[in-house]
Amino acid sequence: MVTRHVLAAALAGSMTSAQRLHPTSQRASDDLIQNLPGLDPAAKVTQHAGRIALHDNDKNKMFYWHFQAAQDPEKAPLVIWLNGGPGCTSMQGLFLGNSPFTLKDDSTIGKNEHSWHEFANLLFVDQPIGTGMSYTKGNDYRLDEETIAQDFYEFLTKFLQRHNKYLSDGDDGVSNSRAVYMFGESHAGRWIPEFSDHIMKQNNDPKNQIKINLDGVGIGNGWVHPRIQYEYSDYAHGLGLLTFGQVRSLKASYAECLAALDAGTYYSRSCLDNMDSITGSVKPGNGGNSLNFYDVRQYLRNVGSYPSGQSNIAKYMNKMEVRKAVHGNEDKNFRFDLCSNGVFRALSKFDGVSTLDKVESLLQQGLRMIFYNGQWDMMCNHYGTEKLLLNLNWNGSDAYQQADKYTWRVQGRKEPAGFAQQGGNLTYLVVTGAGHMVPMDVPDVAADILRRFVNRLEFNDKVQTVVTTRLNATDMEVSFCYSPSVSADPDTSLSTRDQTGANSSQVHIGIAWLWVALVIAVVSSVLAVCVTIVCIRNKRNGKQEHEMITQVSDDEEVNQIEDESEEGFSDEDVGVHVLVSNVSQRATSPRSRVTEV
């Protein structure tokens, strides 16, 4: 999501009402890119770009860039790519891993050897209006996601009408689209469920003349369920950034965030403090670099500069000859920004709203969904994604939760491409060697993800030997575990399942013997008291003079036994007491400074 926490402080250059609009084109041929600055003229890429007016006026226009598939374009599916933010241009996805193009500098286009257009038609969209090259007159930004979903649906139907090769005649005069897929990252974890839900509802409306065949969606490092994803301490602890005590401290303070979300406050300082506390704690002294929460393998002077290639995108798209070539905004006062501060501010109140219910509904309706996470991204990390998926309840839940986990490889790589769990119509991947932006970090792996998904191929290269036990979300809260005993002899060592079973048996046996010992101790004590009483009475009867006898009552003896039991089996023996230590906090929240890519 590059900017989910970092909406660059200097996002300036808002559009004015004086902007000159490029004449609206109604045919695909009008949007054909003839000569793209910086591209080798010998490059064989068929591409279109332009803007489509919403609501049949020039007030709001949405920009797109389309690439025809290199192979069998008349049958290949249409794959839509959406960046996040909210308010970040999809030109980031275009130039940083997905399209046929990369930028060598701010003027020269290179070739992406792992372009998705090799097997799919690609469509990159700048949305909501006011994002990237998309236009809104008078900075009339959308204030709710329902309106944004309506805008996107209108854009998509008009795009299909303009590029009518994607439509075929169906029954009762309804036009059916070719297979359509939506992929995106970061805040697209909100866009894609919202847009998919709207498309499905419109498909069921008999008044609509176009039915969009949404065949599947993919969400990379997505921001889906903030109630879980605002909490970063478990992921940070796994990296060695925090101690158990610091995790306990952060989880205690996280209750304020949950209270804010429950109260309907979806953009709360208390929710941003969790990440700030971690990054502030691990940062070295004054002048030191900061942890890049989009890729924890890096420490950067300015996290807002991530990814490093983004500055070339802004410079390239701001060249007038480029704007003319892509049929964009030709007003000399217009400035193309990677992320729109205005769009972000208008929608910031939705930052803590969950789309998990829509994900669940879409799965229940049979929509194929794939979630994938770069393992080194902390902002939208794999721990949070795996946990939120355990909160889903649909007709494929059992199949997904009980599914084996697989290691999958990509041709040309000896190391794993990632790890997969797939059941029902849901697939979840953890991608090795990648941070927040998987297509940028491992473009060959990202291309393989899309290729397998659109061709309905599984990620089942090698099943993992560790047995899968069905879990639910509450199981993820367990803080302590037992270490199984493993024989040093490989011939007599236990399997993972056997080790777990043996360890569990040892625990149960130990508890049983503990109870036996307690019962024996109580019985022995009672017998001893009785014997003592009998002896004293016999002795008293045998003496001529009266003697004073001090006795310990049964109640006192039992209380003493219980006190001894408590001393023998303290809380430290039953559970682990973790001292809570404070985590230093910094006031500046990454999320308040940037959104995402």
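Glycine is no exception: its Cβ is also placed from the backbone N, Cα and C atoms.
Now, the feature entries from Swiss-Prot:
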- 1-18: signal peptide (SIGNAL)
- 19-508: topological domain 'Lumenal' (TOPO_DOM)
- SER186: active site (ACT_SITE)
- ASP377: active site (ACT_SITE)
- ASN395: N-linked glycosylation site (CARBOHYD)
- ASN425: N-linked glycosylation site (CARBOHYD)
- HIS436: active site (ACT_SITE)
- ASN472: N-linked glycosylation site (CARBOHYD)
- ASN503: N-linked glycosylation site (CARBOHYD)
- 509-529: transmembrane segment (TRANSMEM)
- 530-597: topological domain 'Cytoplasmic' (TOPO_DOM)
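Ranking the active-site residues SER186, ASP377, HIS436 by Cα distance from ASN395 (N-linked glycosylation site) puts SER186 first. DSSP assigns ASN425 (N-linked glycosylation site) to coil, not to a helix or a strand.
Ranking the recorded positions SER186, ASN425, HIS436 by the distance of their Cα atoms from the Cα of ASP377 (active site) places HIS436 first. For ASN425 (N-linked glycosylation site), the same-chain residues lying six or more positions away in sequence with a CB closer than 8 A to its CB are LEU363, GLY366, LEU367, ARG368, MET369, GLY396. Candidate recorded positions: SER186, ASN395. Fewest other C-beta atoms within 10 angstroms, ASN395. You'll find the Cα of SER186 (active site) roughly 8 Å from the Cα of HIS436 (active site). Neighbour counts of Cβ atoms within 10 Å were taken for the active-site residues ASP377, HIS436; the minimum is at ASP377.
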